[in-house]
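S.K.: Structure incoming, see below.
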Amino acid sequence: MGYRLSALTYVQGDLFEESPRPAVLAHACNCLGSWGSGVAAGFKQKFPGAFVEYKRHCDKYSDDNSALLGTCQLIETHDAQTGELVYVACLFTSVRFGARVDGPEQIVKQTKLAMQDLQKQLAKMSGPIDGNSTVHMPKINAGLFRVPWRDTEKVLEEVGQPCTVYVID
């Protein structure tokens with residue numbers, strides 16, 4: 001059972017195992033086409049087709065990967081094990097990753113823009129996924145991007161898209 005704080009609901013559990021289907025599963029992404037570690041590696045394993053689309057999308061911007069910042073790539077895919085329908089929302093919040101990750105203030109700014117872009121895309125959809133759909137995510141930016149969760153939480157609340165945040169502690 002979760003608790004509600006503005007647009008956010010928190011639940012204890014694994015995003016991949018406990019989110020409903022169909023669902024929108026979001027995570028913060030770099031703009032270079034790498035899902036090599038952290039939760040991104042889990043997305044790559046569960047949704048290999050989505051990774052191929054994400055990588056192809058990033059490669060189109062190889063001359064200026066920063067053009068992806070503040071956008072969301074919404075990919076329709078299927079769970080590699082169950083075949084269930086999932087939409088993977090790639091929130092482009094940092095150009096780079098690792099030691100060269102963008103600064104926290106920049107990442108938070110891009111998170112707000114990317115979530116607003118996701119909202120616009122969902123508003124155009126109908127069926128089981130639409131503008132009223134809840135977005136399911138881990139504590140984005142708080143891991144390898146090293147952004148304090150309270151900063152990301154604040155912009156998610158400002159955007160107002162219903163989100164369920166999965167916490168594993």
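Note that Cβ sites are derived from N, Cα and C of the backbone, with glycine treated the same way.
From Swiss-Prot, for reference:
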type    : residues                     : note
DOMAIN  : 1-169                        : domain 'Macro'
BINDING : 13-15, 28-30, 35-40, 140-146 : substrate binding site
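Help me see these features in their spatial surroundings.
M.R.: Cβ-based neighbour count (10 Å, all protein chains) for G143 (substrate binding site) stands at 16.
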S.K.: Would you say which of the binding-site residues A28, I140 has the most Cβ atoms within 10 Å of its own Cβ?
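M.R.: That would be A28, with the highest Cβ count within 10 Å.
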S.K.: When DSSP states are folded down to helix, strand and coil, where does G38 (substrate binding site) land?
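M.R.: Its secondary structure by DSSP: helix.
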S.K.: Are there any residues in the same chain, six or more apart in sequence, whose C-beta is under 8 angstroms from the C-beta of G13 (substrate binding site), and if so which?
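M.R.: Spatial neighbours, sequence-distant, of G13 (substrate binding site): Y166, V167, I168.
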S.K.: Sorted by position, what residues of the same chain at least six away from G38 (substrate binding site) have a C-beta under 8 A from it?
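M.R.: When sequence neighbours closer than 6 are ignored, G38 (substrate binding site) has G143, L144 within Cβ distance under 8 Å.
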